[in-house]
Amino acid sequence: MNILGGEEVKGVILAAGYGSRMGEKPKGLLKIAGREILYRTIKNLEKNGIKEFIIVTNERYLQKFEEFVKENNLQNVKLAVNRFPEKGNGYSLYVAKDFVKGKFVLVMSDHIYEEKFYELALRGEGLIVDRNPKFVDIDEATKVKIENDRVVDIGKEIPSWDGVDTGFFILDDSIFSVIEDILKEKEVVELKDVVKRARLKVSYVDGLYWMDVDTPGDLKKARKLIVYSSVKGVGDGFISRYINRKISTRISALLVDHITPNKLTIVTFLFGIFSGLMNLISVPLAAILYQISSIFDGVDGEIARARMQTSKFGGFFDSILDRYVDFTYLLTLAYVTIREPIWWVIAGIAIFSSAMVSYSTERFRGAYCADAYKVVPALRKIPGKRDERIFVTMIFALLGLIKPLFALLAAWSTLRVIITIYLVWRDVNG
């Protein structure tokens with residue numbers, strides 16, 4: 001069952017335009033952050049219950065779309081050909097007439113939307129309008145004049161307007177009768193003509209990330225926005241939110257088209273091990289490199305989410321390698337700075353309990369098949385996450401306060417594990 005009232009709703013994607021400003025490649029097949037725009041659209045609609053898709057293209061681009069469907073094993077996608085694309089995008093919609101019955105979703109092939117947009121838009125009806133567009137060029141946007149929640153005028157140059165057309169529609173097959181009426185009057189049918197003639201109902205999704213990709217500049221902008229919206233959020237500590245992510249997202253935007261998440265995880269791991277071994281040469285330099293490795297540690301996850309390549313193995317792999325990095329860094333730090341047996345005991349407790357902080361949340365995932373930070377929100381407010389511990393470690397190491405650092409880590413990490421156990425007992429099993 002999907003959120004459109006339990007109906008089996010299909011998705012229609014218009015991709016029959018030539019998009020001359022972007023060269024010979026169809027705009028929907030342009031890759032942004034490692035994935036085609038169309039792939040993003042299809043997969044996000046699938047997440048929200050849309051199971052079958054019709055892509056309307058033209059004869060020139062048909063082979064390219066056939067290759068796209070085959071390469072991505074999209075068995076739920078059918079291709080329809082508009083042999084007269086010069087008749088307008090309204091006519092392209094009409095080409096889909098024989099493929100849909102009842103309610104269906106209509107989107108443009110060159111539009112991208114954040115995940116939350118899909119969730120809200122699919123609860124609406126008619127044309128989805130944004131009254132607070134933050135990411136589109138208003139001069140180029142199609143504006144909409146609305147009265148009583150229905151479209152009364154639409155176009156780029158209308159004198160007054162209430163919102164912007166997002167290129168996302170929830171329609172039913174009665175729209176084809178409207179197109180047929182217009183075809184009796186003229187040969188070229190634009191979608192705006194259909195919307196205005198039908199006086200489509202309007203639903204609102206305001207202020208969320210969406211945009212259409214018309215120029216190379218739009219591609220660059222879209223890549224950055226996709227990466228910035230791919231930050232994990234839940235489970236991030238204070239340092240990640242206010243320092244690390246501001247740097248890591250910029251790195252991710254540069255790398256997202258060029259490297260896979262798992263390869264980057266390995267590179268980050270090797271850099272982290274290197275930071276630990278640098279303690280044998282320079283403790284201050286090693287501390288700085290350790291903090292840099294913490295920043296890099298967020299990049300693989302951001303790229304995985306931006307490229308739509310998240311996997312259980314990726315998270316599992318990254319978590320294990322993080323433990324090796326932390327163990328190597330703290331062990332080598334202790335090796336070059338500590339001589340007294342009692343402080344080796346304290347350092348051992350610090351190393352073990354630091355690993356247990358991460359293990360406690362990962363073990364929760366294994367036991368309850370859920371994210372501890374989502375099920376027990378109070379955990380988000382407790383300091384001591386990996387990013388916070390690494391940042392504090394850097395500060396103490398730069399100040400030469402190694403023994404106080406190990407004492408702090410031993411007490412801090414142990415206390416956080418105890419609090420985690422208590423909160424899980426209280427909120428989950430209490």
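All residue numbers here begin at 1 and follow the chain in the order shown.
Including glycine, each Cβ sits where the backbone N, Cα and C put it.
If you look up Swiss-Prot, you'll see L14, A15, A16, K27, E119 marked as CTP binding site. Look at Swiss-Prot and you will find E119 tagged as Mg(2+) binding site. The feature region 'MobA-like NTP transferase' is assigned by Swiss-Prot to 8-230. Taken from Swiss-Prot, the feature region 'CDP-alcohol phosphatidyltransferases' covers 231-428. The feature transmembrane segment is assigned by Swiss-Prot to 269-289, 341-361, 390-410, with sequence analysis given as support.
DSSP gives K27 (CTP binding site) a helix state. If you average pLDDT over the region 'MobA-like NTP transferase' (8-230) in this model, you get 94.
Across the residues the record lists as binding CTP (L14, A15, A16, K27, E119), the two Cα atoms farthest apart are 26 Å from each other. The Cβ of A15 (CTP binding site) has 28 other Cβ atoms within 10 Å, all protein chains considered.
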